[in-house]
Amino acid sequence: MRRWWNSVWPPFVAVLFFLVAWELSTSLFHIEKWILPSPVDIAKETADGAGDLWGHVGATVRLTLEGFIIGTAVGLIIALILHLIPFLKSALYPLLILSQNIPTIALAPLLMIWFGFGLLPKLIVITLVCFFPVAVATMGGLKQTDRVMLNYMRMIGANKRQIFAKLELPHALPAIFSGVKIAATYSVMGAVIAEWIGADKGIGYYMMLQKSGYRTDRMFVAIMIIVALSLLLFGIIALLEKWLVRWKPKQDN
Amino acid sequence: MSTLEQKPAALKTGDNQTVPALEAAGISKTFRSKRSRLQVLDDVTLTVGKGEFVSILGPSGSGKSTLFHIIGGLVKPDAGSISMNGADVTGQQGHISYMPQQPALFPWRTIEDNVLLSQEVQGKVDREARENARRWLGKVGLGGFEKNHPHTLSGGMQQRAAFLRALLSPQELMCLDEPFSALDALTRSDMQRWLLDIWEESRRSVLFITHNIEEALLLSSRIYVFSSRPAAVLHEIDVPFQRPRREDIIEHPDFIRLRRELSGWLREEQLKMQGAT
């Protein structure tokens, strides 16, 4: 408990200091509220406007989760296929890396033209940002299977399926989770971007709406919610990891 | 697969005259790459009788592990054949139980599940197997650690679990590849005594690789001394001590004489190897 407290209070104080400095400078330099609202303004707006926001938050959460699950699944499937078929890996892996140089934000409007304003193009956007970290981490994890253990499995006559299920997959689990955690935070970002470009509900849509009204304070509220969603999803995945990878020796950090 | 391969010279006399558990006949292996050829095994012939403890003693890096990979079916020999209980199994996997140098316990499995792994791969783990595993864990001083994960155990305890995993495998022949070489001297001699006790009780057929002379003399009924690369059988000696053995045989004059003889041979081979490189 004491150690936990020791690691928590320094960043806490730093954030507090930052907020106080922000608050003071907005009033000290008379910064207009529509350019940069003070933390107190944002807090007030959060309390007042919370009611109308729930619908938007719900829509974004749903979109995020759907996209995250699909994106993670696609990433896992791609990694498994490329792992099991080395030829495909050598053929497609460079393309996969290359594909990540295409900014998703630039693709999103195109997807809207091709697939309309429904759910499909949004899910595609999230999938595009999610699958890559999962696929790369999973492939890396599967490739780094412990040689001694692999040798042992082959010596005792384990077949390919057994080696995969009993050794490669559990061995790759920590690596897979590091990819999934990144995908979790990306998925929130992907959902918001998708909503910016074409939606009639959701946090991203709400932000666009408030932008045209110069309601900077409300945009900050939206940003706070996005951060909270990201952290929440990340935390859930981290807990799941802790439970599934509880065999791992504790490392000092 | 031809099973009509010529039988090698008459079987060694041991506690049995039946078909040996393992018969490696005329095994040769050369690794070839574009630039170089490396002959590691040269016409190696050896047998392990049923219930016999046989050691291979040789300088490090002499190709002993390659022989294990050939016996395990991972590597195909250029010449020669492997048979077990009279059947040709050259190039086939799954006929041996195996204990590598490092314990290679799977960190995500509990000790109990680790010990059962090889049976699981062979496709048979029932309640009886589980109870048997627990009984053995208690017997080897790992009682109470069944649900622990490997990293919570000491090196010696991990090796005991790895040995148990091999012992509980259904295959008849156990191949142990320098199982104690990564342990400190004290733990090592503990483990040797421990293995001696367990083996004399279970009497499995064992092929044991080591470069430790005392270990070989203490544990085995017969020792094959390997030359340096390419490995060939230089000498084959019977270890005359009665069973059950006690560790005080290391003070027996015969033990000391054999140890001197073996270390002379080994040193010679080691020097040859250094001369070659």
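Using the three backbone atoms N, Cα and C, a Cβ is placed for every residue, glycine included.
These features come from TrEMBL:
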type	residues	note
TRANSMEM	A:12-31	transmembrane segment
DOMAIN	A:57-238	domain 'ABC transmembrane type-1'
TRANSMEM	A:68-88	transmembrane segment
TRANSMEM	A:95-117	transmembrane segment
TRANSMEM	A:123-142	transmembrane segment
TRANSMEM	A:175-199	transmembrane segment
TRANSMEM	A:219-240	transmembrane segment
Using a Cβ cut-off under 8 Å, which residues of the same chain at least 6 positions beyond either end of the transmembrane segment (A:123-142) come close to it?
63-64, 66-68, 70-72, 74-76, 78-80, 82-83, 89, 93, 96, 99-100, 104, 107-108, 111, 115, 168-169, 171-176, 178-180, 182-183, 186-187, 189-191, 193-194
State the residues, same chain only, that lie 6 or more residues beyond the ends of the transmembrane segment (A:95-117) and have a CB under 8 A from a CB inside it; answer 'none' if no residue qualifies.
78, 124-125, 128-129, 132, 135-136, 190, 193-194, 197-199
Can you name the far-off residues of the same chain, 6+ from the ends of the transmembrane segment (A:12-31), with a Cβ under 8 Å from a Cβ of it?
37-40
With Cβ-Cβ distances below 8 Å as the criterion, list the same-chain residues six or more beyond the ends of the transmembrane segment (A:68-88) that contact it, or say none.
96, 123, 126-136, 138-139, 142-143, 164, 168, 176, 179-180, 183-184, 187, 190, 233
